[in-house]
Amino acid sequence: MPLNGLLAVQLWFFGTVSILVAHVMFAFPPYPFLAQNYATQISLFTHHMWIGGFLLVGSGAHASLYLIREQGDLTRTNSLVALCLNYRDAIISHLNWLCIFLGLHSFGIYIHNDTLAALGRFDDQITNLPPLGAEWFQHAVTANFPINNGFKNHFNTQILMNDKIVFSNLSFNTADFLVHHIHAFTIHVTVLILVKGILFSRDSNLISDKYALGFRFPCDGPGRGGTCQVSGWDHIFLALFWMYNSISVVIFHFFWKVQSDVWGYQSLDNGITHITNGNFTKSALTINGWLRDFLWAEAAQVVQSYSTPFFVYGLVFLGAHFIWAFSLMFLFSGRGYWQELIDYYTYAVYKWSQLPYLAFQALSIVQGRAVGLAHYLLGGIGTTWAFFLARALTL
């Protein structure tokens, strides 16, 4: 099998395995004291989720490269690849309407709840959508598994170690139902972009000679006005942003959920006190609840860390925010701002005969997007990492 095709398959496999490992290591910790160290648990989960996300997008990139550089004439073959290319319009259209359906219905419920909360009509919010499928699956696993007694004990007990909860059964509610549909929406949009980039990497109705232009090509050249976001690289560029959104929502959901319903301590009267006292159930029904009770309330540790032993996380938090904001100058302003700025300095240098041996050259659109994307992802991941660890290390 050609190199890029083999890489695409292997990256997809290991990316999927990494995401599964993230969930399994939390559900079934390999070491007893691992479950007691909350900071290590959230770090391992986040680490494997990010690795899985990047590997899966890398799989899409190499699949596009395989079709462009290593796949021959597909018109005379009956392979699976040729079949997918023949039906690519149907595949993309189905993914398209599915993403629209998921986006409108999942995000629409949040907008509905936020609007009614702003109007003070809390009783009219959508608050009773139990995840019946998840509850049925959990019951089926505990009831019908061959070693069901062990699983029943595992899913229906709380395990404590040194007065800290290391395992607790999870109960699902409307907040979980809503955020899981947000997961479905973001993941499907990421898949849509990747699949479209793969299936249209060789040619399209707009540009019939993509395979001759390669994996990436400029969109501002002669005769190419208004044809951005069409190359294989452009699709990877867009998919990485949606992958970032997908993984961020997953790790935010995980971190808040375990603090609310799993992690906690045994009180003096032998009762159980969870870290955020179960506030996920009600607060996660609105976007404002996510902003107020999760992002803002739990950022107190990293924001106020400058006089504590964890001040380094506060510095990383600020620095990563700067790197993230720096990326927006490349991504939002486009290339024109930087082109004019560099041209001004070039003119000034030659006008005043300073450093005449230097010649400035502006970034191309492809290069500028790559620089912006790298800083966006690095800054976002660094900010999240500092936020999580500053919070988890104080628990």
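Just so you know, glycine gets a Cβ as well, placed from its N, Cα and C.
Within the listed segments 48-68, 279-299, TrEMBL records transmembrane segment for the stretch 48-68. Contact count against the transmembrane segment (89-111) (Cβ pairs under 8 Å) is highest for 177-200, out of 7-28, 177-200, 310-332, 373-393. In this chain, the transmembrane segment (48-68) lies close to the transmembrane segment (236-256): three or more C-beta pairs between them fall below 8 angstroms, excluding pairs fewer than 6 positions apart. Residues 26, 42, 45-46, 49-50, 53-54, 56-57, 60-61, 64, 179, 182-183, 186-187, 189-190, 193-194, 197, 229, 276, 280, 284, 290, 294-295, 298, 369-370, 373, 376-377, 380, 384, 388, 391 of the same chain sit 6 or more residues outside the transmembrane segment (236-256) yet have a Cβ under 8 Å from a Cβ within it. Counting Cβ pairs under 8 Å to the transmembrane segment (310-332), the stretch among 7-28, 177-200, 373-393 with the most such contacts is 373-393.
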